[in-house]
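Quick look at what Swiss-Prot annotates:
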- Arg21, Glu85, Lys124, Lys465: (6S)-5-formyl-5,6,7,8-tetrahydrofolate binding site (BINDING)
- 220-387: domain 'TrmE-type G' (DOMAIN)
- Asn230, Ser249, Ile251, Thr254: K(+) binding site (BINDING)
- 230-235, 249-255, 274-277: GTP binding site (BINDING)
- Ser234, Thr255: Mg(2+) binding site (BINDING)
Amino acid sequence: MNQDTICAIATAQGGAIGSIRVSGPEAITITGRIFTPAKSGKLLSEQKPYTLTFGRIYNGEEMIDEVLVSLFRAPHSYTGEDSTEITCHGSSYILQQVMQLLIKNGCRMAQPGEYTQRAFLNGKMDLSQAEAVADLIASSSAATHRLALSQMRGGFSKELTTLREKLLNFTSMIELELDFSEEDVEFADRSALRRLADEIEEVIARLANSFSVGNVIKNGVPVAIIGETNAGKSTLLNVLLNEDKAIVSDIHGTTRDVIEDTVNIGGITFRFIDTAGIRETSDTIESLGIERTFQKLDQAEIVLWMIDSADAISQLTLLSDKILPRCEHKQLILVFNKVELINETQKNELASQFSEHIGSEIESIFISAKQRLHTDELQQRLVAAAHLPTVTQNDVIVTNIRHYEALTRALDAIHRVQEGLDANISGDFLSQDIRECIFHLSDIAGEVTNDMVLQNIFAHFCIGK
């Protein structure tokens, strides 16, 4: 595959300029066949690397466009191969004409993620760094951007390298003892090995445990909007998303299925989940929707219990019997909606009665989703309730489920090593578990990953990356 020279459009359609990437052993030669520098003299192949050359793309005698060509020589390029980048005007016609000329002269169309895959195969980055490229492209908040950038720059890779070096040192001491078992030579006492195992276990556990935070940062804090029918859940969702995502109607039971979408508030990505209203119903479809409501409630980090302020007292039993027990370890906010329908005295009475019945520690807020009253304050409450740590580019937080699974397997293996040391088992059994731990950590970096897994990972990239 790496013997082919590939090309692809690297920019989105509709922009003022467009960019085409060419990479492979014939990248400079093929680009030079269709490109003529504006200044006569040097051919493209004679230009210095890391330079921009102004000129024109020709199809025979016909000029296609005036362009800039960037030149990179192996191994000092993104892919580690000879590469060019052609920057032209953003017309889709021009871009397609240039692509056709490149393919006609020996290029083939790149597969999704093939540029980054080549960078990985050519040793420009490990697999975790390659995956971070996709995360950086998809980042939608300051936190996801910082985490992806940290991983792409090798923060996670350095942690893995240090762990593998310690484990290799560990297993070498064990296996040396096995080699000299007949001579009764001890290269490291068991207490020293146990301390080393504890040190390794602590780092792996920290990385694995960081996934609970990393996953929320990457995919959004799940917020379930729950309540009885016609409490204003769909109206609130539309306000929070600033678009008409959900159908709003006075008819009870309008929302029958779960509606989800994400939005960035205060630098944090929230995943809002609008659910079917809870009520007694004989409608089979609506009942299934209510079932899903409780499923989503269980999966949420934050629960907004929507209450129609004009009919709030009737919900106390449902709230205390069915909702509170499910929210013991969640952030629950009571959202009294339609506040325009009650006066200040009624508002104070409601707050007092709910506080007396369910406890004053439950947070509450009065809003009008329809009139957008106090919805800004609700957003501020959501940011505070998220409890996400401040993320810097130096933080190593796991956001990828593949990495998390490998870390948990590595953690299981090092736990067996600790148990084996305590039980004073034979060194050959310890060595097997240490090597298994190394295997799972190496899998994250792509050192032992099979071709099918690689193909699946890079297939999720865009064509030009």
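Cβ coordinates are placed from backbone N, Cα and C, and glycine is handled just like the others.
Nearest Cα neighbour of Lys233 (GTP binding site) among the listed binding-site residues (Arg21, Glu85, Lys124): Arg21. Of all the binding-site residues listed here (Arg21, Glu85, Ala276), Ala276 has the Cα closest to the Cα of Ser234 (Mg(2+) binding site). Contacts of Lys124 ((6S)-5-formyl-5,6,7,8-tetrahydrofolate binding site) defined by a Cβ separation under 8 A and a same-chain sequence distance of 6+ are given as Pro75, Tyr78, Thr79, Gly80, in order along the sequence. Around the Cβ of Lys233 (GTP binding site), a 10 Å sphere holds 32 further Cβ atoms from the protein chains shown. According to DSSP, Asn230 (K(+) binding site) sits in a coil region rather than a helix or strand. Annotation note: Arg21 ((6S)-5-formyl-5,6,7,8-tetrahydrofolate binding site) sits in a strand segment as assigned by DSSP.
For the domain 'TrmE-type G' (220-387), the mean pLDDT of the prediction comes to 80. Each of the binding-site residues Arg21, Asn230, Ser234, Ala276 was assessed for Cβ neighbours inside 10 Å, and the highest tally belongs to Ala276. Neighbour list (Glu85 ((6S)-5-formyl-5,6,7,8-tetrahydrofolate binding site), Cβ cut-off 8 Å, at least 6 residues apart, same chain): Ala10, Ser19, Ile20, Arg21, Val22, Val69, Ser70, Phe72. For the pair Ala276 (GTP binding site) and Asn230 (K(+) binding site), the Cα-Cα distance reads 10 Å.
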